[in-house]
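Have a look at the structure below before the remarks.
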Amino acid sequence: MATDEAFSGPISESVPTSTVSFSYQRPRQRQGSITSFTYFQDEQESPEYSDEAIEDVSDDDDLLMANGHDRDLEAGTRAPSRRKSSGRDRDSAAQPLLRRFDSTRSDTQEHDEGGSFSQKFYIENEDLTMVVAGFSTSTIGYIVYILICCLTAGLAYLVFRWFPRWRVNLIGRPTPLKDCTWAVVENQWGEFTVHNITSEEYGHPMSSVFNPPSKEQLNGHRYDNDGDLKELRFLDYRYLRFLFHPGQDKFTLNNDWWDSQWTDVKAMKQGLDSEERDPRDQVFGQNVIEIKQKTIPELLLDEAFHPFYIFQIASLLLWSLDQYYYYACAIFLISAFSITSTVVETRSTMNRLREISRFECDVRVLRNGFWRQSTSSDLVPGDVYEVSDPSLSQLPCDSLLLAGDCIINESMLTGESIPVSKVPITDDVINYVDLGATSIHPFVARHFLFCGTKIIRARRPQDDDDDEAVALAMVARTGFNTTKGALVRSMLFPKPAGFKFYRDSFRYIGVMGFIAAIGFVASFINFVKLGLAWHLIVVRALDLITIVVPPALPATLTIGTNFALARLRKKQIFCISPQRVNVAGKLDIVCFDKTGTLTEDGLDVLGVRLVQHPEIRFGDTLEEAHDLLPSASYDRDPTVDYRVNKNMLYAMATCHSLRNVDDELIGDPLDLKMFQFTEWSFEEGSQKTQHFVEPGTHQAAPSVIRPPAGMEYDMDDAHNDNPVPIELGVLKSFEFVSHLRRASVVIRQNGDPGVSVYVKGAPEVMKDICTPTSIPEDFEDLLSYYTHKGYRVIACASKYVSRMSWQQLQQMDRSEAESRLQLTGFIIFENKLKDITTEIIEELNAAKIRTVMCTGDNILTAISVARECDLIDRDSHCYVPHFAEGDKMDPKAVLTWESVDNSLYQLDGETLLPAPLPAEQDNSAPYDALANTDYTLAVTGDAFRWVVDFGPADVLKRMLVKGHVFARMSPDEKAELIEKLQGIDYTCGFCGDGANDCGALKAADVGVSLSEAEASVAAPFTSHIFDISCVPTLIKEGRAALVTSFCCFKYMSLYSAIQFCSVSFLYASASNLGDFQFLFIDLALILPIAIFMGWTGAYPALSRKRPTANLVSRKVLTPLLGQIVLCILIQAVAFETVQWQPWYIPPKVNKKKSSVDNSQNTALFLVSCYQYILSGIVLSIGPPFRESMRKNVPFCVTLVVTLAFSLYMLLDPAKGLQQFMDLTDMSLSYSLFLLALALVGFIMAYLAERYLFSGMAKWIGHMKKVLRPSHPKKRKQYKEIMEAMQ
């Protein structure tokens, strides 16, 4: 069976885009998706195709309630009632997974003979809705199919190849899924493919293939109905394996498979024996991400069987029958070159992808209780292998770390270059593991090793005296089931961009084809009247149709994009999704991350503000570590309690995620700056730090932090005869989690039976976990002071537990550690704007491209930075939401919106319009005019979450239109913000640099990653210049590419119309253009002009005006049709006037051959040459989107050369050239007349294009409003919302 969809090659673009996120994204409505499926009919749904938006299967009540309760898509726990459009809950990450769920939701439809015939899936990880329908081959239908193909000489084969539904309807017999031999798969984009069902003998328990019910799974024993599965039936679709579950009578994904024996770490360390491994190898396949590559003959057939090239082949045959041998040979060579270059490019692209994706290495694996050497491709889930093997530089699969520790570079997946530390998983964390979830649980992430990530360092367990001890990991997922596999799959199968230009271009060709059909009929009738031979009549009439689709059309459709990509590469901007270049030209809004994007990566410590005791107020700013805790007694103020100072210094020295690799500290830039401020030293856990380990325990050797020279001993211990050196051992750490916005460590001073807990995080959340008595009254005021000035503020807190054993330490959870704390003080960081940020924001604002900041930082800091870079007006009011009642989880909560500068100014909560001041407060001039119109919103993540989940839809839309700053946003909320903006018709861009932006980069229409990492394939564009200057550059090039595409297409359309007109005039007297005349027009004129027309670069200034992206619009069609009319008029004048000349040579009607050597032919050919050339000037648009045509040197040279040669042919051609080009003699006066006629036509066309046709298009639009008032033009939602808020 054919497995390829119509018109598709191995991949849809030369280097496709990445679209699959590692965090859940709600399906977004896109053009081109379908709401119904051919073989699956929902209730009240007819199986017809529609251009409406995608059906969101996840919103179906029966699917949401499939397990009896609402499912939190991130953590699998019950979520509060909320609007269906939301699927995110920032606090869900803190809840354990009490049961595991399939990541695939599905529904089935019954077959008349019993059993399911079709099945509908929604796969969250892929954001894919698809239907699988079972079939078997009908013998009668197959025989009929063969006969039809034979009787039509293979033409029916091509038609069935282009329309596979017809083939399925003819040879397929609907069959229950349990018995079918092949299946049809159709997704929400209308992509239709056929796949064989593979059946293999199996004979192992069903629990080795499918997940058992969750209760039994957690109890660690097989469930009662775990019978043997005799036959393994599956189909592979997009490298996903769907296995047929006979008990449920449907196909299921098993990428979330979990062995019921994996209940604790000890059980996981046992590894597998051969009897267990072999069935898993059969179920999961080899652990290799290998892209199937088509052979060169297959690729050639795919290209050659494309409808365009079939049309070209038919045209070649037609031209050969008409004795246009030279022209046919030339077009054949062009088509062959085009096909070959496409195949070579496709082949090289696939080779690059195979090199990136495929990885195989040798590993040491524990098999049958013994260590053995094996290849990574033989690994299966449950295998235990050695991570600390020196030869292992890259992780071969998704794994759980069981022993030892690792430092991993995960930039391949996230774009974040900061190395990540991994520690062994513990028994209490296992319950949080859900391999089928859309993202790895935050509690599991620090134990999870992702396939394809690079090992910076892997160490054996430091607490084990056994020299044979090694770092162990257990295989969790293999092959395309891994996170890397999902990334590669998203590159291979990008979502359709849905850009209208490409679709409209073929619609226009269809319109031209209809016009050609009319010409065909008219010519046919005329030829019959002239009494021409029937074969000549048919060939001539069909020849008219071939003129409609020019041979160079496919190349010219993408030429502007290709030139733009080349210019972008020179500016260090790289693209993996060429179609997105044109989309960049239509951006309405660009969202920016703050830190590392608008501001510098590094943050400098401005100073520390401590909470002084017993006053409980903030002290002065301490700018040096020596000021924080002086090393000499004479430098210390006797009135100051230095215990707070000591706690702050210890917190800064210990509460971080830094690691030491090759004597270099690596980690988060903020942590690094903070630690460097202390001037202390850091040593990771090793044999040298074993003295912190409690005897008789299996505690890992902790990392130790030591003070600099001169501070080795605590001055408070000076009275001791044997003071103990200061050594702070990190016994336990709770790493930073985005939804908690804090991190903490448990520290023990050498020789101290007690422990200290140090916590740092966002001041807002730290206030909630500290005792009220430790919070100074001026907490909010001081925080507001620094954040208003744009500083980043981190709060620190601590507590001391006088005695704690290792056992108690192991039982301490995060909530216990991060409670009843004493606030220590603030660390103030200075985060400077990048030099070019303000200039770029001003440029975008001047072009009326809306700019938005989307950050995880404090809202006041974000507002300050936004004002500093002119992202929001410094003089206008900025309103911030506060919860007057309830919180983000309360559906009945009440939000109030107050001005950040003056709380007297507020917004109406229902309309988000300025509320009038209370009468007693309005004692000034009339109400501030700025507050009425020119105001912005700054929204916190909590407020955004509440408005999305529970707020009125109008409030949400108005918030999106007026919001310019979105602060304290989690990674998921950043991506959701992008989707909501797209939902009100914004074409949205996002520019960011780190892992937190990965989801938003992929959700945006145009995502730009400021990263050198390989994993930036997660975004369509990557800039190696790490500032936002790439954004206006990309928009300019996108606009230039879009305009170039329109120019080239209009030029090719006008070329077809000119030639159609010439040939139609000549057909009236049974004449035609000559072989070499056709050749000259196509190769010497059209091809170079069309190519170099796209050479023009982008205009350096960004205009407020935006180019249209709608080809079938009055702005495009009115000028094009007007140009066609002018061309017809000029040719009609030449056609008529040449017949009045005394030297006129009329065409001789030859019933078997067209007449070429006549004056009509010569006049029309010569005047049309000028039309082809000068049309390039008329249609070559310059400012405000492209540079002036004068700067396009190759284009200008081409025009001069072609005009000169055409002038030579017109005025005084050599006899040999005259005969070669089938030209007849003309008088000089008439030649000059034709030259003047061509110039007049050019002047008319130029003036009309610049001044007349645009006015006509507006007039037509006005008349349409008058004549059809019930059909107003559909406007973008955000524009209507803006007008409603004026």
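Glycine is treated like the rest: Cβ placed from N, Cα and C.
The model shown is predicted, which means the values in this text are computed figures rather than measured ones.
What TrEMBL lists as compositional bias 'Polar residues' is 14-41. Per TrEMBL, compositional bias 'Basic and acidic residues' is recorded for 99-114. The feature domain 'P5B-type ATPase N-terminal' is assigned by TrEMBL to 126-245. Here TrEMBL flags 268-318 as domain 'Cation-transporting P-type ATPase N-terminal'. What TrEMBL lists as domain 'P-type ATPase A' is 362-491. Annotation source TrEMBL lists domain 'Cation-transporting P-type ATPase C-terminal' at 1076-1248. Annotation source TrEMBL lists region 'Disordered' at 1-114. Per TrEMBL, transmembrane segment is recorded for 142-163, 299-318, 324-344, 508-532, 544-565, 1052-1070, 1076-1095, 1116-1135, 1163-1181, 1193-1210, 1230-1248.
Per DSSP, the domain 'Cation-transporting P-type ATPase N-terminal' (268-318) is made up of 33 helix, 1 strand, 17 coil. Looking at which of 299-318, 544-565, 1076-1095, 1193-1210, 1230-1248 has the most CB pairs under 8 Å to the transmembrane segment (1163-1181), the answer is the stretch 1230-1248. Counting residues per DSSP class in helix, strand and coil order gives 38 helix, 48 strand, 34 coil for the domain 'P5B-type ATPase N-terminal' (126-245). Contacts between the transmembrane segment (1230-1248) and the transmembrane segment (1116-1135): present, as 3 or more C-beta pairs lie under 8 angstroms, all at sequence separation of six or more. Here the transmembrane segment (544-565) sits against the transmembrane segment (1076-1095); at least 3 CB pairs are under 8 Å, leaving out pairs fewer than 6 apart in sequence. Outside the transmembrane segment (1052-1070) by six or more residues, the chain places 508, 512, 515-516, 519, 522-523, 526-527, 530, 532, 540, 543-544, 547-550, 552-553, 556, 1081, 1086, 1090, 1120, 1123-1124, 1127-1128, 1131-1132, 1135, 1146-1147, 1149-1150, 1154-1155, 1158, 1160-1161, 1164-1165, 1168, 1171-1172, 1175, 1179 with a CB less than 8 A from a CB of the stretch.
Across the domain 'P-type ATPase A' (362-491), DSSP helix (H, G, I), strand (E, B) and coil residues number 29 helix, 44 strand, 57 coil. Residues 1084-1085, 1088-1089, 1092-1093, 1095-1096, 1166, 1169-1170, 1173, 1176-1177, 1180, 1217, 1221, 1223, 1231, 1234-1235 of the same chain sit 6 or more residues outside the transmembrane segment (1193-1210) yet have a Cβ under 8 Å from a Cβ within it. In the predicted model, the domain 'Cation-transporting P-type ATPase N-terminal' (268-318) has a mean pLDDT of 86.
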